[in-house]
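*Asks:* Here's the feature list from TrEMBL:
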type	residues	note
REPEAT	72-171	repeat 'Solcar'
REPEAT	179-271	repeat 'Solcar'
REPEAT	280-371	repeat 'Solcar'
């Protein structure tokens, strides 16, 4: 009996077994692997570099292969989201300040008394006029007044909302590849509400600091001098629970905003990739983030107006508001005195801010995760 083994390729190891004379028990042939098997084998043996090269060559139109990496861990995702949010907040903060000043116009707390005792309204009316007025009367750097508590807020808010949405998405998906719209909406609402409730104290401090420039311009005595002073004043007047003044409309707004932001971004991103065949690239991120910013601004502006007015109203010695009993009362007074469209005061700067904020955040977030070797979000 003779055995003839022919190795035709040293790397692919294709072997045949031939017996002359009669059949014997064959040795199972080692067949040439398929294209998919060869790609998978090469990716495992050559590591992440080969995996990335293979994905680039095929044009990645789906999420990256599931492979645990430290960049996919809870804390890494948390820190990356906070860093990306800090970049976006710094770039777009002047628009947030302008939006807050616009939303306060027209309410009783934003009126001044002249030398003769007559009540006069604020002269700022449009976004551009408000921004230029701040620069002219208070200085250009005042456009970033209150950014410190805003960055403190993102230490909690952005990290919690991203990791919570990711956890809820994995839980509701339950191993399936599909993720329905109602599941995405439920995850966005839940993540936004929890994150904002935890971050409400920093948001309240931010609003108080933002309004001090206007009070000084109106000739009024400043209520607070810094973020730390604002924090102490809030606690001294309303106790620890006073830090959550306005948290109900705050949470409502965050739930609506994240329903627009997280849900829209996630849904539109995968819809574009699935329908157009585009890879998970900057073009997809830009289109998804623009849609997310528009939907978030449309859904969140009314709640944002109510939230800002409740947080900015003066309080008595026990910390109770002097102008509004609650979010419903503020909503009714705003519509009754100023009309329905008063709820959309500041919509243009809200949208103009949310579009670049969402764009900057998601581009930074996705790029940092990709550079660390994490899977697609």
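Heads up, the Cβ atoms here are built off N, Cα and C, so glycines get one too.
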*Asks:* Which value does the mean pLDDT take for the repeat 'Solcar' (280-371) in this predicted structure?
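*Replies:* It averages 84.
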*Asks:* How many helix, strand and coil residues does the repeat 'Solcar' (280-371) contain under DSSP?
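*Replies:* Final tally across the stretch: 73 helix, 2 strand, 17 coil.
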*Asks:* Treating G and I as helix alongside H, and B as strand alongside E, what does DSSP give for the repeat 'Solcar' (179-271) in helix, strand and coil?
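*Replies:* Secondary-structure composition of the repeat 'Solcar' (179-271): 78 helix, 0 strand, 15 coil.
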